[in-house]
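Heads up, the thing below is written out as structure tokens.
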Amino acid sequence: EEQNKQLLQKVKEAGSCLNDPNGKELQSKVHGPEDSQETVFEEVKSLLTSLLDGYNVCIMAYGQTGSGKTHTMIGSQSLEAKLGILQESQEGIIPRASAELFRLISKKPAESHTVEVSVMEVYNNEVYDLLARDEQGRVDVTFKDKFKLPALCSIYRPVNNASEIMQILGGVLKRRVKCPTLIHADSSRSHLVVSLTVSTKSPNALALGEKQTCTVLQKVLAHFSHIWETPLVNEQTKLQLVDLAGSECVGMTGVSGAALWEVSCINRSLSALSDVLGALAEQRPHVPYRNSKLTHLLQDAIGGDAKLLVMLCVSPTQCFVTESLQSLAFGTRVRQVQKERPQRRTNTLKMK
């Protein structure tokens with residue numbers, strides 16, 4: 001009974017944690033089992049507008065194994081296996097966010113936006129590109145010296161609508177490492193990171209093609225007078241959708257052999273994620289991003305100026321109260337992080 005009281009208190013304190021970099025009161029919302037996928041997505045929907053406004057966005061699901069993270073982010077896996085597609089009512093955040101993104105793009109000028117998708121998993125503290133043809137594509141994570149951010153040599157595929165994104169995901173998710181446990185028959189053994197990169201052309205850039213045919217003389221004159229100058233403003237923003245592997249207690253999951261190493265890597269990476277958030281919350285001079293490939297990969301989303309939303313998934317089952325409390329404590333730590341004010345991703349180039 002005492003643990004239940006603690007759980008209810010933690011739910012009030014944590015819930016779904018929206019990390020607001022502007023220093024405003026952090027928003028939280030608790031969704032019960034009766035809430036639909038559409039209701040949950042309504043809490044996320046506004047972030048897609050921010051993406052097209054020039055801000056990076058990261059949405060991640062955190063919780064113990066079997067608590068509903070993949071259901072929240074992707075949708076019903078049982079329906080997907082039986083029907084080959086997701087029923088609309090069971091679609092998770094990723095398919096709904098993809099559809100909403102292209103709905104918003106459709107209201108913009110033609111050819112003003114392009115979208116590319118990449119799909120990676122962090123398995124046993126190694127990063128793998130699920131779009132690689134050999135199914136064992138290992139991605140090296142290195143640093144850009146200038147910006148101190150991870151640089152990835154991963155595959156990006158252009159997409160024109162949400163259906164293409166889900167078709168790609170439907171193929172690569174079969175490569176994601178899974179293993180049955182006593183708690184979850186289809187337990188994911190890796191962290192999944194789906195990235196949608198949106199490139200935006202400004203009205204000046206779109207009109208440049210029309211100007212090229214009629215401004216040859218102006219260019220010649222500008223060579224001497226330096227008066228011809230056309231600004232090209234291009235924005236590139238990224239939406240990162242993260243389905244984290246669940247934390248596990250070996251005694252409850254009943255795994256053995258190679259799966260024990262998987263559990264160790266999962267728990268250590270989640271612990272590293274918590275350590276990074278703790279360092280950010282306490283504003284320590286050193287943040288240990290490199291202690292895990294997961295935190296290294298998500299560095300710009302966790303510690304940068306991206307808008308970050310964490311979906312905490314907890315089990316209502318009595319025997320998992322301890323694990324639920326740990327997940328909610330993680331959410332409380334997320335709320336303590338004061339991030340930088342978000343910055344628009346704008347690169348201005350000038351043609352002379």
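Each Cβ is built from the backbone N, Cα and C atoms, and glycine gets one as well.
Just so you know, TrEMBL annotations are computer predictions that nobody has curated.
If you check TrEMBL, you get these features:
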type	residues	note
DOMAIN	1-337	domain 'Kinesin motor'
REGION	12-36	region 'Disordered'
COMPBIAS	22-34	compositional bias 'Basic and acidic residues'
BINDING	Gly63, Gln64, Thr65, Gly66, Ser67, Gly68, Lys69, Thr70	ATP binding site
Taking the center of the Cβ atoms of Gly63, Gln64, Thr65, Gly66, Ser67, Gly68, Lys69, Thr70 at the recorded ATP site, which other residues in this chain have a Cβ no more than 8 Å from that point?
Ala61, His184, Gly246, Cys313, Ser315
Check each residue in the chain of Gly68 (ATP binding site) that is at least six apart in sequence and keep those whose C-beta is under 8 Å from its C-beta; list them in sequence order.
Cys313, Ser315
So of Thr65, Thr70, which of the binding-site residues has the fewest other Cβ atoms within 10 Å around its own Cβ?
Thr65
Counting every protein chain present, what is the number of Cβ atoms, excluding its own, within 10 Å of the Cβ of Gly63 (ATP binding site)?
25
Surrounding CB atoms that lie within 10 Å of the CB of Ser67 (ATP binding site), all protein chains
25
